[in-house]
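The structure appears right after this line, and notes come after that.
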Amino acid sequence: MLLIVRPCSSSVSIHHFQPKPQRSRNVVVRCSLSSVEEKRGLDSELQASVPFPPIRVAKRVVLVRHGQSTWNAEGRIQGSSNFSVLTKKGESQAETSRQMLIDDHFDACFASPLARSKRTAEIIWGPRQETIVPDIDLREIDLYSFQGLLKHEGKARYGAAYREWQVDAANFMIDGHYPVRELWDRARSCWTKILAHDSRSVLVVAHNAVNQALVATAIGLGAEYFRTLLQSNCGVSVLDFIPRPEGGSPHICLNRLNQTPGSPVAGGKSAGRETSRRFILVCSGSTQGNTEDGFPFAGDQPLNMLGVIQSQKSAELLLDLKVNSIVSSPNKACVETAVAISKVQEAADCLGADCVPRYVEMKQMGNLDVETIFKQTNTASNVWMCLIDDGLRTKLWDQSGKAWRSLLDEISDESRPEEVVVAVGHPAIHIALMGHCLNLTKEWLGSFHLDAGSVSVVDFPDGPKGKGVIRCINYTAHLGRWSIPITRSTEDGEEF
């Protein structure tokens with residue numbers, strides 16, 4: 001296997017030439033769903049590993065879920081029914097997403113024809129001249145007899161079937177159909193059409209479940225990952241498709257997941273359930289080395305001025321969240337970022353004259369320090385090329401596994417009603433941590449992208465022994481213009 005690494009200023013984006021994912025999806029380790037029948041699992045894996053059609057030029061696809069609908073507000077099961085429309089809040093959310101994307105150029109817009117999605121697309125697309133392309137395959141998941149029911153009605157009327165829909169959706173059957181499996185097949189059909197379109201930047205406006213399926217099928221995850229990659233109302237996700245020089249299925253990278261109109265750390269359910277256990281993964285800000293030299297592994301250096309601003313912005317984003325502990329890499333930039341977050345946290349509740357600052361535990365974790373892996377290279381400018389060495393990737397993966405287990409221990413104190421742990425590290429270690437959360441292997445390291453100063457959130461609605469739900473990846477709205485890293489431009493050149 002050949003590994004190509006693309007340096008992107010202070011960001012990490014690692015792309016692998018991998019024919020198809022290894023078939024390891026049904027091992028139940030913390031974040032997997034419950035065990036399923038062998039044949040069903042095999043079908044899911046085969047569907048996930050079917051190659052995509054080749055593309056000639058790099059393509060970016062931006063996915064948006066529709067704004068809040070009337071049936072969202074009522075707690076009613078929508079499915080692919082078309083009786084629900086946007087609420088005033090939903091229209092406002094769509095307008096916020098329009099503002100997020102206002103400076104982005106799109107060659108085309110695909111949208112679900114259902115009213116709630118169609119209206120969201122119209123608001124975001126605004127005065128652009130190109131016609132919105134309706135695609136019936138982008139409709140929401142077909143839920144048959146469930147559609148139109150309030151959630152408590154579905155539970156009362158269907159009992160065991162509704163329970164299976166909640167806990168094992170990939171194997172949930174109703175009216176002779178497996179809705180989630182059908183959705184995964186439909187998502188692949190959508191990708192075939194989107195990738196065949198003569199465009200380089202595409203906006204897709206659809207729904208919660210179908211957007212989950214689009215993200216999952218793009219990076220090679222089967223239907224058992226349903227409800228693992230969150231999609232909030234008007235949440236924006238970004239996928240980059242990069243052609244292979246020799247042709248064949250393109251390299252695919254999830255650049256962002258669920259860039260929401262509101263704060264990614266605000267209250268809300270994960271996978272339909274309340275959560276009291278959470279990781280906030282904060283990438284340290286930029287340093288002098290990784291902004292001037294263009295290489296992200298630039299040694300143990302302090303933050304530069306941009307990095308200081310990024311760390312302060314991250315601290316402000318977490319202002320209303322009561323953090324229990326902050327764990328950081330011993331790297332100078334990570335420690336400085338952690339200290340900035342700690343100072344804001346400790347002062348957050350201390351607005352009156354008699355107030356005592358709240359104590360936030362801080363600690364350093366050696367396993368979060370990727371510089372210990374890559375500093376063995378003699379020349380900093382060759383560090384990126386050294387990632388071709390499978391041995392270094394193995395070391396990163398093994399070390400991040402130890403860090404993941406230690407972080408799970410941090411949120412395992414059941415005497416506390418809530419546990420929020422902030423982990424500050426380099427983008428590379430956080431990419432690996434998300435891979436462990438999703439029960440993947442080191443071959444998936446190239447499937448995710450993180451920028452300096454970004455925030456990613458992992459919730460544990462079933463506690464630290466249950467599966468993790470990824471609320472967002474590479475959230476950067478707090479840093480300024482969200483759609484590209486604020487330290488570089490992508491308007492020129494083939495790659496994003």
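Every residue gets a Cβ built from N, Cα and C, even glycine.
According to TrEMBL, the protein carries these features:
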BINDING   R65, H66, G67, Q68, S69, T70, W71, N72, R116, K151  substrate binding site
ACT_SITE  H66  active site, tele-phosphohistidine intermediate
ACT_SITE  E140  active site, proton donor/acceptor
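Where TrEMBL records a feature, it is marked here on the structure.
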residue : record                                          : Cβ within 10 Å
R65     : substrate binding site                          : 29
H66     : active site, tele-phosphohistidine intermediate : 33
G67     : substrate binding site                          : 28
S69     : substrate binding site                          : 25
W71     : substrate binding site                          : 20
R116    : substrate binding site                          : 29
E140    : active site, proton donor/acceptor              : 25
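The record assigns R65, H66, G67, Q68, S69, T70, W71, N72, R116, K151 to the substrate binding site, and the maximum Cα to Cα distance across that set is 21 Å. A gap of 14 Å separates the Cα atoms of G67 (substrate binding site) and the residue listed as 'active site, proton donor/acceptor'.
Cα of R116 (substrate binding site) to Cα of H66 (active site, tele-phosphohistidine intermediate): a distance of 6 Å. Cα of H66 (active site, tele-phosphohistidine intermediate) to Cα of E140 (active site, proton donor/acceptor): a distance of 11 Å. Here the C-alpha separation of R65 (substrate binding site) and the residue listed as 'active site, proton donor/acceptor' works out to 10 Å. The distance from the Cα of S69 (substrate binding site) to the Cα of E140 (active site, proton donor/acceptor) comes to 13 Å.
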